[in-house]
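Structure record follows, encoded as structure tokens.
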Number of protein chains: 2
Amino acid sequence: MAEYLPTEPYRGTRDFLPDEMSVRTQVFHRLYDVLERYGYQRYDGPQLEPVEIYEAKSSQEIVSQQLYTLTDQGGRRLALRPEMTPSVARMIAGNAGKLTFPVRWYSHPNCHRYERPQRGRVREHWQINVDLFGSAGTAVEVEFFELIHDMMGGLGATSDMWLLRVSDRVLLNALLTRIVEVPEDQVRVTANLLDRWEKVTDDALAADAAGIGLSDKQFARLGEIVRDGTAAVAELPQELREQSRLMQVLNSSAADLVTFDPLIVRGFDYYTSTVFEVFDTNPENRRSLFGGGRYDNLVGLYSAKEIPGFGFGMGDVTLIDFLNTHGLLPEPRTNVDVVVIPTRETLFEPARRAARLLRTAGMRTTTPLEVRKLGKELSRADKAGARAVVIVGDEDWATEQVTVRSLISGGQRKVSLKDVTSVARAILDDHHV
Amino acid sequence: MAEYLPTEPYRGTRDFLPDEMSVRTQVFHRLYDVLERYGYQRYDGPQLEPVEIYEAKSSQEIVSQQLYTLTDQGGRRLALRPEMTPSVARMIAGNAGKLTFPVRWYSHPNCHRYERPQRGRVREHWQINVDLFGSAGTAVEVEFFELIHDMMGGLGATSDMWLLRVSDRVLLNALLTRIVEVPEDQVRVTANLLDRWEKVTDDALAADAAGIGLSDKQFARLGEIVRDGTAAVAELPQELREQSRLMQVLNSSAADLVTFDPLIVRGFDYYTSTVFEVFDTNPENRRSLFGGGRYDNLVGLYSAKEIPGFGFGMGDVTLIDFLNTHGLLPEPRTNVDVVVIPTRETLFEPARRAARLLRTAGMRTTTPLEVRKLGKELSRADKAGARAVVIVGDEDWATEQVTVRSLISGGQRKVSLKDVTSVARAILDDHHV
């Protein structure tokens, strides 16, 4: 018996056949469209990056466990990018001299992380990345929150389907050190505890809290912050409150765009202030769809310039899943418009001439590659989604005519080649032939 | 002194900043558009593939020298795809049961090859891949040759700028064994000699010929085939000539689409019959732009099904270079349409309302993130390519009005918020304000 190579894609990666690809393309184009209306410009960068740019500032989990790395023949240690933010920071730093800030950029890279494949987790995902560089003002936060509302709206999601939960690492730091009385060097592990808050049982949480040295009283205070972050913030000195970008947003007309939630921490080390995540509100599926935040020091890894940044990455897996759950996925558009059918081998050439005219007029047109019975070709054309066929037969062609038939009404007409386009167009536009 | 990470992309890979990205996107969309009119459907697949699928049938050069490989934590040997054909053959084999043939597919993957970077050669390139599966008829060849003419035409290239050179491995095999009298097991190395024919000096060629055991007489005959392939083919038995797909094309109405050239060999092992390459006709730059051919046995690596295939990959580097040389690159479209300028912090909110209306009407609209002098904002708006600005000032806004100004004519008008969109649209459409 012959040995065959496996036809499955590598575990955790996906083949996108045309129907699925068409649905995805439509979804992503709606997002591109909203982004371009906000003045964001598309860019792209390499799949492979030096490992160092992740070691510097990505999350520990990614670098130690999830990075796909290789060494090239020149001995360079490279990684398949696990995320786009370090790449874009690199590009901004390298081109800062010729850019006019603020810079609004987006991209749509594929990213790799070595994860155990499961629902919502794959090893290669596609991510819409949106970043703004060059402004430290709270107007950036407001622009992003509006943009996210418009992106979700552009996908057909109504505001009851999802929630934009926001926190602020500066504010959280103040809450943890002043209200919970956690020492500075314990802030990070305590924040990690918040990150796990909704993902593990109460008992596990209490054990973790004890494990990092929190007293029962401290753990109880942490619980109070989780339950009512706003009340906790009110206990902070006014000066600290006023400095917080998040508090500035919450005291503006943009307050209704977001919900303050101290549980939003985000794993990446590079965030410096505002952090957010968008959640599905479906009680059966309260998952984070995507998130991001402010990373004011990342460009500084590459140059002496200090260029504040804000951005997010919107992964395809959870997004498509969310749209599917809410019935918001568009129909695939993979049909052809017209099939031109020659009834004999000798009529391939006039059939190609007709097809050329139809294509020039913008119609998706195919011709069969061999001659089959007309009935069989008509049913194939119907199956391919064609609404019109052009039949090139011996008798008609003797007078340079062809037959255009509607597969919707079944009506048909003999026309000369020059009229094929207008008659086919009329059928596609749902007029009678 | 601080140590900074390098801002250059990894050697042989490229960052695409928005202007360049916009040019590329426009070029590729023209190609997608032609492909869709021919009924080709877009698909996509993983970046990482099992190494085995290249070892089986790609060129020796790619597998032994150019493949980027890694081993994942589960011990699987993977490669960054160096080309798309093995992936698409895998997908076709795996989904053959649910597909209706012929299948017309295209994709636009990035591919990696470890090469010495030089003009026209990079380590990561983007490639438009076009394949048709499920028909062995010469109509496939004709469809591809027409498609290529329309793709080049869609990019603005006239037929004098490029040449479609075609050969046929079956025919070449007959020429080499019968006319040059090369033994079967020497056909491949002799074909490789043809592949180098235009790339090395005559002396080097003669030395190579001697090296593979060709007599002077055989080498002279090889030269005759190169000089006039058609005359050489005429010496073959009629039956062999008639079986050749290429000869069938050359005896049809599609003959004027191509030029027969025995020098076209193609490095990939999987081609079985027709092979072609498109060349720039510019005498200073007679380079191969892209190529492909028929590979009837590739799907057979994955299943017992025999599914003939035909396809090509069009790399971005030589293509963009060709378009640039011939002055065919489009202008970047990265400008914004309208900038909404609040003159005070307190006017950010009405400015955002105006911006929202403009975006909803499809205009690319930005708002500054901090308040600067109006003159400065106007010159920034001009630099960003905006043709209209909306100025939200205290006095106007007291009566819920804003000022819309044309940056083309300098004319301006006070309007209420509800009229902002139509007045801005009129400016963008080049009417007076």
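Just so it is clear, glycine is given a Cβ too, placed from its N, Cα and C backbone atoms.
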Item to complete: Given that TrEMBL annotates A:Glu83, A:Met84, A:Thr85, A:Gln127, A:Asp131, A:Arg266, A:Tyr270, A:Tyr271 as binding L-histidine, state which candidate in A:Arg113, A:Arg116, A:Arg119 belongs to that site as well.
Response: A:Arg113
Discussion item. So if I draw a 10 Å sphere around the Cβ of A:Thr85 (L-histidine binding site), how many other Cβ atoms end up inside it?
Written reply: 25
Worksheet item: Are there residues of the same chain, six or more positions away from A:Arg266 (L-histidine binding site), whose CB falls under 8 angstroms from its CB, and which are they?
Response: A:Asp195, A:Val275, A:Glu277, A:Gly291, A:Gly292, A:Gly293
Discussion item. Under 8 Å between C-beta atoms and at least six apart in sequence, can you list the same-chain neighbours of A:Gln127 (L-histidine binding site), or say none if there are none?
Written reply: A:Glu83, A:Met84, A:His108, A:Pro109, A:Asn110, A:Cys111, A:Gly313, A:Met314, A:Gly315, A:Asp316
Practice prompt. Count the other Cβ atoms sitting within 10 Å of the Cβ of A:Tyr271 (L-histidine binding site), across every protein chain shown.
Written response: 25
Worksheet, complete the sentence: Neighbouring CB atoms within 10 angstroms of the CB of A:Glu83 (L-histidine binding site), all protein chains considered, total 20
Worksheet entry | Longest CA-CA distance among A:Glu83, A:Met84, A:Thr85, A:Arg113, A:Gln127, A:Asp131, A:Arg266, A:Tyr270, A:Tyr271, per record bound to L-histidine, angstrom | 21
